[in-house]
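Chemist: Handing you a structure now.
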Amino acid sequence: MGLALVYAALYKLVDIETSFGDGTTGVVFWPAAGVTVSVLILRPRREWPAYCVAICAGDGVTSLLNGASVWSSLGSGVANGCEPVLSAVLVQRWLGRVPDLSRRRDLRVFIVAAACIGPALGAAIGAGFPWLIGETPLWPRLGRWYIGDAVGVLVVAPLIISLARPPAKPLFKLSGSWTFAVLAIALAVAMPWGWSAELGLPFALIPVLGLIGMHLGTRAAAASVCVVGALVETLTAAGSGPFATDGAFNGLLVAQTYLATCAVSSLTAAALMTGLVSREDLALRDSLTGLPNRRLLIERLAQARQRMTRFHNGIGLIYADLDGFKQVNDVHGHAAGDQVLVTTAQRLNAVVRGNDTVARLGGDEFVVLVDDLAAHGALQHLMDRMISAIETPITLDDGPVVRVGASLGSAVTNDTHESPDDFLERADRAMYAVKRAGRSSRRPSLA
């Protein structure tokens, strides 16, 4: 019932938009197509029949209220109900899950299934049925239906699908990306004026949206495209803006091509950059815990040493080796050992500062890089918190409670000429000295 009301509301909204124009331009895209296909993709298959009936009823009744004949309304309802079902069936068949549009393969499947094949079926039924009973010609209704639904899916559905997934962190720092957002807003604000079309400013927005996707990810790209789509839809339907100047059909077709290009290019840019960042993360991070590995730790040590020359503060390293971890593996199995490592990584991340780095070097060895160390006492205080966090009992997934300890060794440096490898080796030696002296203790090695 809720989906039927949403569909009817979107239908009426588009009808109101077009009433402000000259009545010949038409709609740039059909937003209800994006809503319905995303709902079916996100919901379990057992609920699809009910949603299909709701879509058919919402479209058919609204068409009747707008003056369409019974047969035409019936054909329109069936078309708009079958279209998202086919799209969702193909997505489920080819992926077997809800698509993650930040993955290139998932994005390709979504575009082919939901923006190409599904709208083709809807257009064939929606335009073919009135043509068969002699109410309307097949063309241009077939082309307008297909393109309007396809663009509607590309503009609206990615935002809904991305919002339904867990939020992903931006690919790059927000401080380096706000300029693209400001530029996109400026270009969008200029769009209603005729001089913007003469200068080609609307098309300058396409690479800017791509840059937003590359820096901020799929959700930001989808949201940006949706905002631009709403602006273009409103302006063009009202007979103003850059895409209404060349005449009714030509202006409409250019606007549809423009929005499709915006959507595909920005989403593709986001997926490509996500793939590159993910591959880089695989090379620089531990696959089990997600912590930086030795390579990334060495890089951050080098960066911290450069900052040390400017701010004249020291750098601290804490080398931790778990005690009792082998017994957990031997008694409870490697899955339990993995859970201990993941839990330990999470706890260490919780006790360090935001600018510190927790790394896993392999096995049961962890290293904490303490950047901008003002006093040696702060390092000792952090080691106490680390010991407390590590020694807290861990409840395994299958029920048993285990407990591990740790031997911690530390090193501090103010020497800008000491290499990261030598610095790490000093902390390692301090940790092994603790191992020989007794478990679950701390030993600073200051320089």
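For all residues, glycine too, the Cβ spot is worked out from N, Cα and C.
A quick note: this is a predicted structure, and the numbers were derived from the prediction, not measured.
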Chemist: What range among 20-42, 365-387 does TrEMBL record as transmembrane segment?
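Modeler: Feature transmembrane segment in TrEMBL: residues 20-42.
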Chemist: Taking helix as H, G and I and strand as E and B in DSSP, count the residues of the domain 'GGDEF' (313-447) in helix, strand and coil.
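Modeler: Counting residues per DSSP class in the domain 'GGDEF' (313-447), I get 60 helix, 43 strand, 32 coil.
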Chemist: Which range out of 109-133, 145-164, 225-245, 257-277 gives the transmembrane segment (176-195) the most CB pairs under 8 Å?
Modeler: 225-245
Chemist: Looking only at the domain 'GGDEF' (313-447), what is the model's average confidence as pLDDT?
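Modeler: The average pLDDT of the model in the domain 'GGDEF' (313-447) works out to 86.
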